């Protein structure tokens, strides 16, 4: 029997090169840390694609399309083309790299510019919290920035799996709640949110994916 999913969300992962975006995605989608010498942790060239189903409520699954973007400047033109069709994003910095934190606002402003006229929901992620002894960014600083920018904040580690599952769950649930409120809508020509596959026998979930007659976006 085919897997049931009520929505598909396209999420983008952005931030400076070497902050660990690819390792986070490997941990979330494959349940493992690829290791620093693995090609999986090499800087991304262009954009890589991952996917996974996430159950946010009993019997309600969201299909996540996850786009891992290159942090290097020479690939930014490729990255920008993916903003517009994303409903959510992980803004990742390395807590042991001050510069990556200082660039967060630049990434955010760029994303807001290219996502127009659609809405994108962000989660600020302080990665590599297993290296707390090498921390260059305090939790208080990161929490203040996230509050100023209207985002939630979480610290993660792909190496020991700290808060990896939680971070994807938080962002997915936030988007799902906004859809239920009518603040994010399925729209023709936009790939950010799509209705999912629901067998005819599952009437309760079927109702959840019917397009709204009104949209308050």
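Sequential numbering from 1, following the chain as shown.
Here the Cβ of each residue, glycine as well, is placed from N, Cα and C on the backbone.
Taken straight from Swiss-Prot:
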type: BINDING; residues: 17, 20, 21, 22, 23, 44, 71, 127, 128, 130, 158, 159; note: GTP binding site
type: BINDING; residues: 22, 44, 68; note: Mg(2+) binding site
type: REGION; residues: 39-47; note: region 'Switch-I'
type: REGION; residues: 71-87; note: region 'Switch-II'
type: LIPID; residues: 215; note: S-geranylgeranyl cysteine
type: MOD_RES; residues: 217; note: cysteine methyl ester
type: LIPID; residues: 217; note: S-geranylgeranyl cysteine
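Listed in sequence order, 19, 20, 94, 95, 96, 157, 159 are the same-chain residues six or more apart from residue 128 (GTP binding site) with CB atoms under 8 A from its CB. Rounded to the nearest whole angstrom, the C-alpha distance between residue 21 (GTP binding site) and residue 68 (Mg(2+) binding site) is 7. Here the C-alpha separation of residue 158 (GTP binding site) and residue 68 (Mg(2+) binding site) works out to 15 Å. Confidence for the region 'Switch-I' (39-47), expressed as mean pLDDT, is 53. Straight-line distance linking the Cα atoms of residue 68 (Mg(2+) binding site) and residue 23 (GTP binding site), rounded to a whole number, equals 10 Å.
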